[in-house]
């Protein structure tokens, strides 16, 4: 009884559903954001180039198996790139480099960045490469771009991410592949027949892309459930948080705040212009669901997890000089960023807890300095566990080697336009959505600093500080 | 007055069991404050009964959870000392009856009782769990379920033989109770032993262990509530196979067939030397065929009988000896061992590497040839990969483990070595050479350990610049299977060197005996005279097959002729010659030339495909090597009929072993009889039913043994002269090796 009591105290705002009340938030806060008292120092450093986000766009994020079902990944990436071209009006040869992040690769387009760039009509003289780092793949694409610009190798780079879960590479079994490869080498008819004759029913079982962590053989949902249990996050808390995410996303969509979305005329189908996974439900409905991973006593369900999503995103990143020279009014500065990694078994999804204090330290900021938080929501239980971890001195000391906790982000600044739980989570594309959303929210809410944080398979994590561009 | 006494009862302090109400669920917590593990001691049993009665008497309580507050242990079994303290079979039987009654009450509990298991749930602990209506357990590596009583010469005496067959079916129940093996949680769920399993948790706002225990309790309380509210039932879903099995088991003739088959198998494996397995079969059969009241009665009576057997006392002695040999009595080493180097990637070297890398110790495996190194590395890989195949570890864990292993041909990196174990050829000159080479490249604190099986450590240390850092670490082959490690110290070996060697051995999971230096130390020295006698018997016309059968039928796990083949005839010849020189006539008997001739002909044992037997062909029956038979003919001696009957043959072998073991104690090579028994059983396969050579003397009687030896001495001379200590014990029957 004792321990649940402490949990309630430390995270009272979650229990009180303050987030949902925030869906109709009061003008008091907006006034506060616009107050001139809130102007802070800039994070510009001497000797370090100012790098800016010119703009960012994304395709609507759709539940996999819906309208995008017959496309290929590069089609989505191409659409995001074209959207970026249209939105920014940048000349097709003014970009120095293109980088995309993706997780599950279509084998035909393993360098999806190049295929998409060619298809989007970018000059064929622009090199492109693809990176992968699980759910922070497009964060990696963006920070790679930042690195290239900082090193003086480029001035303007397009970074993006794409994920297409409506179709994934399902392979023949290893045995079958071995037989088929040997068949190529077999010279005589007899040898070929002998090989064909060696095929057994076991050869025919297909191999699906693993949803499990390679090192631990545990699925992410299972790990999230254990994490939630480790931090004592209840089913009710998780359902409430998921409901909050969907409610906020719905409001943002209805109020037209998700301006990074570009419409997509899908061949043979209608124009898609909205994310289709936002479904605010009721606590009663959500409570009916059975646990999806840990049975029968688990707490992670389909309703409080992010779902399989198709989608792509793209951002235009430049040195400030170049952006100004081209006549742009940048949206934000991309400042310090960090990558972290930890035990892929028991701390798989705790990346944000490790990354947040580290990146704040690099920037010389405190948690209270941050006006806008955008955290990737893999699972409601994962978000709530991270909030509890960040609010625990014991965790900070025992596992992170820190002297004290960094603190938990206040929910009235946290993922106010929905998150991966509600908007959807195309693995490779989410990072750019987070960064663009921070830029847009800083502008809308009048804040100065934003923080992006995300967890990723492999027990990795990322965080980045973003500064509003002076209005 | 009345009020006072009832209050006194109410406030009687309970130390082992308490309970707390969580809503309408009584959480009963077990914790023996005097020990690291919970055992079903008299105190524990009394308090469980007391608490359960209170729980049942409380109308508020709708269900109960039984859980341990010890991380890593639910209940590890009954208190062995409680059984050991009994003076008669009746006393032991009444212990069993008390347990039966207590668990029967739990089984018939008016409210559902949930057992929440984390850590070992063995013996009486498992019997407690299966008396509960519902069982859930953590999937922690520490969680194991089983009925190891048979390994102590006993049987599950608190209703286990009656409940298990109903729960998991006759064949599985027999398998569990007759092998005593540990079962992991996921397997236990599949077998129907558990209803539900829970994954252990990682870090949260508390330590993983603490939070996992809490979580287990939370889930158990939830289940208990659901059971009380009838939202969950205790019935487990049965698969098609299980249903089919149930139908088949319904036929009495099928069951009869099973009893017969199991009995035959037991007889074949135990040679009738161990009474417990047969009694277990009897208990199960009585319960299934005649009903549980007969079953319980037979169970408690048989438990009482077994508790008084010499076999059970021997096995319990071994168990307790083994626990004693898993402690470091030499203190904490000054330095933690971080890097171990092993010289020689042969069977032994690679085996040592295998049991070291998986403990996270950086391990250098050095050989002189690329082929030798490759073979050794493959052996380590295979050892780990076999675990992957058996789902003991993941392929990722295998790879991560192998990353601690470095194979190489030179001495690079030895400047970081904290210890070097040499497993090179058994030749003093070579040992001297590598010792000098190693000392030239290793830091001053580095320990040099020799994995020799017979060469005196002081001879090896003679050329050392740092003799205080030289020690013997005698592993047994195959290293990953054999549990024993014999550590040999010289007069000069420092205490810290010994402490470090023991610490490493414990990390490697070994049972350790620490003995004094001398030719053959303890184990090889005891084996040598027995092997000499075996050779003598072969010369006297006892064929290899007969020799094998005579030795296995007194409880040796491997027949003496096969053992010679396994060890290697060349090694046996080498040892026989060396020790023969060192100890003279006493080690005589068989002709060493016989072994040497076999080696010359290439009959080196299993490794060369031929020894006493032929290897290679996959036929079940081992064929005697005709070449070896030829050689035996040329060395033929006449057997004195008076001492060559089967029983005499067996006693001749045992006598020579036991006498040498006692002599080792007399000379101070052995520090105590416990380590002598453990070394003989775990290293050499001395019959476990005797409990080791020292317990054998106690049980058999030193005077009786002395009479036999005197008789053999008449024919064979000083091979059979009893040592002084044995004579002392024969003269004074109050002298015993074990109290």
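The backbone N, Cα and C atoms fix where each Cβ goes, glycine too.
Since this is a predicted model, take the numbers as computed values, not measurements.
According to TrEMBL, the protein carries these features:
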- B:486: active site, for hydroxyacyl-coenzyme A dehydrogenase activity (ACT_SITE)
- B:340-517: domain '3-hydroxyacyl-CoA dehydrogenase NAD binding' (DOMAIN)
- B:127: site 'Important for long-chain enoyl-CoA hydratase activity' (SITE)
- B:149: site 'Important for long-chain enoyl-CoA hydratase activity' (SITE)
- B:474: site 'Important for hydroxyacyl-coenzyme A dehydrogenase activity' (SITE)
I'd like the number of other C-beta atoms within 10 A of the C-beta of residue B:149 (site 'Important for long-chain enoyl-CoA hydratase activity'), please. 29
So how many other Cβ atoms are close to residue B:127 (site 'Important for long-chain enoyl-CoA hydratase activity'), meaning within 10 Å of its Cβ? 29
What three-state secondary structure does DSSP assign to residue B:127 (site 'Important for long-chain enoyl-CoA hydratase activity')? helix
Rounding to whole Å, the Cα atoms of residue B:474 (site 'Important for hydroxyacyl-coenzyme A dehydrogenase activity') and the residue listed as 'active site, for hydroxyacyl-coenzyme A dehydrogenase activity' are apart by 5
The average per-residue pLDDT within the domain '3-hydroxyacyl-CoA dehydrogenase NAD binding' (B:340-517) comes out at 96
In the three-state DSSP scheme, residue B:474 (site 'Important for hydroxyacyl-coenzyme A dehydrogenase activity') belongs to strand
Show which residues of the chain containing residue B:486 (active site, for hydroxyacyl-coenzyme A dehydrogenase activity), separated from it by at least 6 in sequence, have their CB under 8 Å from its CB. B:472, B:473, B:474, B:476, B:512, B:513, B:515, B:521, B:522, B:523, B:679, B:683
Which whole-number value in Å describes the distance between the Cα atoms of residue B:149 (site 'Important for long-chain enoyl-CoA hydratase activity') and residue B:127 (site 'Important for long-chain enoyl-CoA hydratase activity')? 11
Does DSSP put residue B:149 (site 'Important for long-chain enoyl-CoA hydratase activity') in a helix, in a strand, or in coil? helix
Helix, strand or coil at residue B:486 (active site, for hydroxyacyl-coenzyme A dehydrogenase activity) [DSSP, three-state]: strand
Just how many other Cβ atoms lie inside 10 Å of the Cβ on residue B:474 (site 'Important for hydroxyacyl-coenzyme A dehydrogenase activity')? 26
